[in-house]
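Encoded as structure tokens, the structure appears first; notes follow it.
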Amino acid sequence: MASARTLVLLLIGAVLMCQVSADSELLNEILAAHMEEDMPEKRCIDRYRSNICGSVIRPLDCTRRKSRMGRFARTNCKKLCGFC
């Protein structure tokens, strides 16, 4: 029963896609409305804030260029390092 429901939904979706692609004005209107929506910028967060960023990694580690800890800090603790 679930597969029949899925098949019906896919067929309805295909018919709607054919209708939209046949009417270029409608397609352009839909695309323009989608492009106008403001996408929120990705928030700057520290991935390992609860256990690593701030306790193991210090802001001084962000400036170390050749250490593994510095590379980890620059990649995963951007808020702590002030890169945001």
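The backbone N, Cα and C atoms fix where each Cβ goes, glycine too.
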Q.
Going by the disulfide annotation in Swiss-Prot, which one of C62, C84 is bonded to C81?
A. C62
**Q.** Candidate in C44, C77 joined to C53 through a disulfide, as Swiss-Prot lists it
**A.** C77
Q: Over the domain 'ShKT' (44-84), work out the mean pLDDT and round it to an integer.
A: 82
Q.
What does the DSSP secondary structure composition of the domain 'ShKT' (44-84) look like, as residue counts for helix, strand and coil?
A. 18 helix, 2 strand, 21 coil
Q: Express the distance between the Cα positions of C81 (disulfide bond) and C53 (disulfide bond) as a whole number of Å.
A: 9
Q. Can you tell which of the disulfide-bonded residues C53, C62, C77 lies nearest to C44 (disulfide bond) in space, using Cα positions?
A. C77
Q: Could you round the CA separation between C84 (disulfide bond) and C77 (disulfide bond) to a whole angstrom and send it over?
A: 10
